[in-house]
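Enquirer: Sequence annotations record features per position, and here TrEMBL assigns domain 'MSP' to 7-124. The annotation coiled coil is assigned in TrEMBL to 167-194. Annotation source TrEMBL lists transmembrane segment at 224-244.
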Amino acid sequence: MSKLDQILVLDPPCDLKFKGPFTDVVTTSLKLRNPSDKKVCFKVKTTAPRRYCVRPNSGVIDPGATVVISVMLQPFDYDPNEKSKHKFMVQTIFAPSHVSDMDALWKDAKPDDLMDSKLRCVFELPSENDKVNDVEATKAAAVMNFAKGDSAAAAVSVSASADDPEMKKVLEKCKRLQAELNKLAEENRQIKDDGIRMRKMPRSDHMTSNSTTLLGREASTASLPSLLVVIAAIFIGFFLGKFIL
């Protein structure tokens, strides 16, 4: 009787690729899909068991289901001139009606009932583009973490000094400035809306005069929030430098 063909569909089907650097654990995935209408037992073996950690390394796959296997390569000194001889084998067998003892099932299995697939391990070093992208990602993450750390420190400092009388006065001034900015912004928006409505209305000498007046008020008012923003920024910056730093 000839050996049975592998019933499971493997992804990847031939090579397990591990992408370096190999100074830390490198993990790759192996998908096992059961396209049959029967339960299938599987077991994953390797020629280098001390170099890899496989989770799960055995189990049962229901009909139509898929299991993802995580294969973790342990850190080692990589030599690009040395070819990898590591291999994996996925061994399978159709599950009986009731599976209670997996060890006994594999031990008593007949060779003709077993199916297997072999995979080769391939080690790859990252390309120059990958290295540049990793460096940029690391820098961006560091900047974001630093910014978050600074914001948290400033919040803690302000909270800790909130009971100081002088600090309370400064905070009150900041609130008043913010209220004035909001009020001017609202007036500015209202003037802009009036100006737009005036432009859409039929033109006349009287309307043109009113439009000119409104536009003048809009221009003069628009400059006030900017000036107050600058004053508020200078004031808050001086305050933070004095009380937080």
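From the backbone N, Cα and C atoms, a Cβ is placed for every residue, glycine too.
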Enquirer: Please work out the helix, strand and coil residue numbers for the domain 'MSP' (7-124) from the DSSP assignment.
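Expert: Counting residues per DSSP class in the domain 'MSP' (7-124), I get 10 helix, 57 strand, 51 coil.
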Enquirer: Express the predicted model's confidence over the coiled coil (167-194) as a mean pLDDT, rounded to an integer.
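Expert: Overall, the coiled coil (167-194) comes to a mean pLDDT of 78.
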